[in-house]
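I have placed the structure first, in the form of structure tokens, so that the comments after it can refer back to it.
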Amino acid sequence: MTLHIHNTMTRTKEVFEPLDPGHVRLYVCGPTVYDRAHIGNARPVIVFDLLARLLRRLYPQVTYVRNITDVDDKINARASASGRTIGEITEETTRLFHEDMAELGALPPDVEPRATAHIADMVAMIERLIAKGHAYEAEGHVLFSVPSMGAYGSLSGRSMDDMIAGARVEVAPYKRDPADFVLWKPSDASLPGWDSPWGRGRPGWHIECSAMSSRYLGPSFDIHGGGLDLIFPHHENEIAQSVCCNGPGTFARYWMHNGYLMVEGEKMSKSLGNFVTVRDLLDQAPGEAMRLAMLGTHYRQPFDWTAEGLEQARRGLDRLYSALRRVAGIAASPAEVPEGVMAALCDDLNTPKALAEVYDLLGVLNRATTTEEQAKAKGALLAAGALLGLFQADPEVWLCGAGTGEEEGLAARVEDLICQRKAARQARDFARADAIRDELTQAGIVLEDGPNGTTWRKA
């Protein structure tokens, strides 16, 4: 099946044609590890996790690289304010990021380079840019000369005047042009730094991704992804550095960007009091519900995070897991991902359409009457879920929360009450049976009576 993706560079949806059909290479900008991941950080992780899963279905080998930015002024400021070391902050934040993303069903990338482990690559790249006349040293800094690249601004579509006026550009006296940006900056004794031909210092943000993508994917690769907010200046500057260093026609062939995130219709910010971390939400709802909620909106569209949307996603998963629990004793027939789901995802990751196909598959499973039909429908549904990163858990665990000692105790109490209710109904003591149902409802337990008996789930 042919994959079509929207290329930010050309502003059109194109047929994806990899440089090497035997090996697709993908780079995505990762987190700056100074604080807990918020839901805005989670969206690109989920989007490009799905893209990597899809690419692996279509091509024999995929290398997915997502970096960790562990040298940055925000990290320095957090260390200074907290009294902790930079290493303590970055190690802890990276670990927590991994834990949070795993709960969202995101698979780890194939390579996750840290900026601090690739300073030598950055220094070498800066040296080449200086040698080619695209960068210059000034007062301990090294800056990229934006006017030296005639095609600068091609990704964002901005003119030089627009970029200077719209960007928060530090117009320092040592800059030859106001748009020039930092590749290397000096560090005093209080800041992290590495020896370089220009003295002790640290890299600028943009050179980090250029160096790491080239290190692991080569000077030219297939797809570069990230959030819409990174188009300018970060991705624009990555292109400038990489193309001027490695030559015309190099760097990423396709650019993919996910849309902005809102919270209850407003921009997320600490000043508005609606800053939500992934952990905040994981304390309230399963990560799988968060994943489904995000997949319900096309990745290029703005996503409005709402409590109602999260609840709808949870209810949708309840329906899916309830159906899977009803056929728990039937082995799923081996199945490929259904064509409708694949076609939707190959159409620029059209997840709303793919999920509509999933709910159609759910209907097929619910209508199946023979064991053969149920096995086939179950296999198709699970295959679709495996690609989407959904409903791969034990239905009993999802619906009833089995696992911990406390949850097992709850399950035992519920099962006992279900037995009492069954006995009351057999004795035609319907008042007692209804009272038990009401008691369970008040405890957040939903009963579902079926031809094979009564099952239950948490509301």
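Just so you know, glycine gets a Cβ as well, placed from its N, Cα and C.
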Ranges in play 112-116, 202-206, 267-271, with Swiss-Prot marking motif ''KMSKS' region' at 267-271
In Swiss-Prot, the residues Cys209, His234, Glu238 are said to bind Zn(2+). Which of Cys29, Cys419 is said to bind at that same site?
Cys29
May I ask you to indicate which of 31-41, 75-85, 152-162, 295-305 is given in Swiss-Prot as motif ''HIGH' region'?
31-41
Do you know the DSSP helix, strand and coil residue counts for the motif ''HIGH' region' (31-41)?
3 helix, 2 strand, 6 coil
Please state whether DSSP places Cys29 (Zn(2+) binding site) in a helix, a strand or coil.
coil
What are the non-local neighbours of Cys29 (Zn(2+) binding site), defined as same-chain residues 6+ apart in sequence with CB under 8 A from its CB?
Pro44, Arg66, Asn67, Cys209, Gly225, Gly226, Gly227, Leu230, His234
Only counting partners 6 or more residues apart, tell me which same-chain residues put their Cβ under 8 Å from the Cβ of Glu238 (Zn(2+) binding site).
His206, Cys209, Ser210, Ser213, His224, Phe251
Would you mind pulling the DSSP three-state label for His234 (Zn(2+) binding site)?
helix
An 8 Å radius from the center of the Cys29, Cys209, His234, Glu238 Cβ atoms defines the neighbourhood of the Zn(2+) site; name the other residues of that chain inside it, in order.
Trp205, His206, Glu208, Ser210, His224, Gly226, Leu230, His235, Asn237
If you count other Cβ atoms within 10 Å of each one's Cβ, which of the binding-site residues Cys209, His234 has the most?
Cys209
